[in-house]
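Just below is one structure, and these are the notes that go with it.
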Amino acid sequence: MKSKLICIIMVIAFQAHFTMTVKADSVGEEKLQNNTQAKKTPADLKALPDSCEAKDFYKNFKILDMTKDKLGVTHYTLALSSGGYLTDNDEIKVHVTPDNKITFINGDLQQGQLRITNQIKITEKNAIEKAFEAIGQSEAHVKSYVGNPVKEKEIILNSRTKRLVYNIKLIFAEPEVASWIVQVDVETGAILKKQNMLSEVERADTHKDFQALGKGANRLLQRPLHVMKINDLFYLVDRTHKGLIRTFDLKHNTDTSFGKVVSNKTNMFTDPEFSSAVDAHFYASEVYEYYKNVHQLESLDGKGGEIDSFVHYGLNCNNAFWDGQEILYGDGDKKNFKPFSCAKTIVGHELTHAVIQYSAGLEYEGQSGALNESFADVFGYFIAPNHWLIGEDVCVRGSRDGRIRSIKDPDKYNQAAHMKDYESLPLTEEGDWGGVHYNSGIPNKAAYNTITKLGKEKTEQLYFRALKYYLTKKSQFTDAKKALQQAAKDLYGEDASKKVAEAWEAVGVN
């Protein structure tokens, strides 16, 4: 099946490669736009040997995205479909060199032809009602910060069950912040999947921009703090980037619609009441600058999107999380944790979840979920590389909870550091969606090994390249190893690729 699939993919990639025109975008890369639709089977497909069976399967592949990077490599993202419906998160990526050679193929190469086993019998409205019932809510009793709480409601093919489902995304702020994906069988109304996707830790021209000073929770002087003045008030709104950065105060509510942009009568945000907001605002700008300057990424989505931070979430909440739209920070219980916005590594970690969402889109369960957590940790380190710890600054001195995670020594902080310690936990909230936080210690240790072999500067470049071009939504640890090897080879050659392999083999990923 794998060799057959590769034959098919090669044909699709080359057909696309020779029927696309190139158009440069704002960040120096090239997005390939499909200007023509092939009206007949290309000669390359007809010439394939019968053993490839390409003629039977070719029509089931759809090209989702094509990007040409600065090295001249063209990256194609393909998905299987059946009956015109795309599968959920099943992706294959094909990478073609400037001299038209396929250098790397990754993704689910074992997937065969999919046959739909059900028929559409329930309506979209019924499916939405069942989705809300499945999470113990109703559409009338939830509140969304932006627009309708029903963000997506498309029919896709669940590749595990081979059944069509309404894939419904629900994001709301009341009665609690949530970002649910619920899959409802189009025939029976059965719930085939439900998952809360929260990623946790455990402009008007007449307005003027100013620089300000502020003190964070650790009483550090954060500057420059970019603010905006409207009439007689200074607001924590940073307009110095293409993407707007805003910081809101929830005043211990959990509904983001209650959030107000933090303001002050002067540009000195030094009173303790502003400390959480100062940290959140300052570090959000630092993260923006990191991705822009180091990776040429304009904001978290690569398109200059806004970054909204909400502080004082709930009462003594020991957490921070990205909910798919914005980042929310709890104040901590003051016994074990300080306000969660005071740790630059945590801010970097949570905002990197957004970068992951807009790039590889790693599915938040099992090994792909552990990779999601790990890449957020690793980039948290890249953003604040003073030590190997994630979240140290948020911990109260003397607290037994200590540092949240260690890239260098995961096993010191209740994480696996080798595949022999890997745990296959249930894919439920109680099972931490397959142990994504526990098992992420394994790729974290592999990242530490890579950094010690290649250095931070090279490692952060190859990690970003792998995240942007080579990882797929369902990537496993072995896929990450191969993706990082290929990225290292692209940028630094065979020797660097071998060192990446050694780093992962040292944690039992062969």
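First residue shown is number 1, and so on along the chain.
Note that Cβ sites are derived from N, Cα and C of the backbone, with glycine treated the same way.
Same-site candidate for Zn(2+) binding, as annotated by Swiss-Prot with H349, H353, chosen from E306, E373, E392: E373. Local packing around the binding-site residues H349, H353 was summarised as the count of other Cβ atoms within 10 Å of each Cβ; on this measure the leading residue is H349. Its own atom aside, the Cβ of H437 (active site, proton donor) has 20 Cβ atoms within 10 angstroms in the protein chains shown. A Cα-Cα distance of 7 Å separates H437 (active site, proton donor) from E373 (Zn(2+) binding site). Under the DSSP three-state reduction, E373 (Zn(2+) binding site) is assigned to helix.
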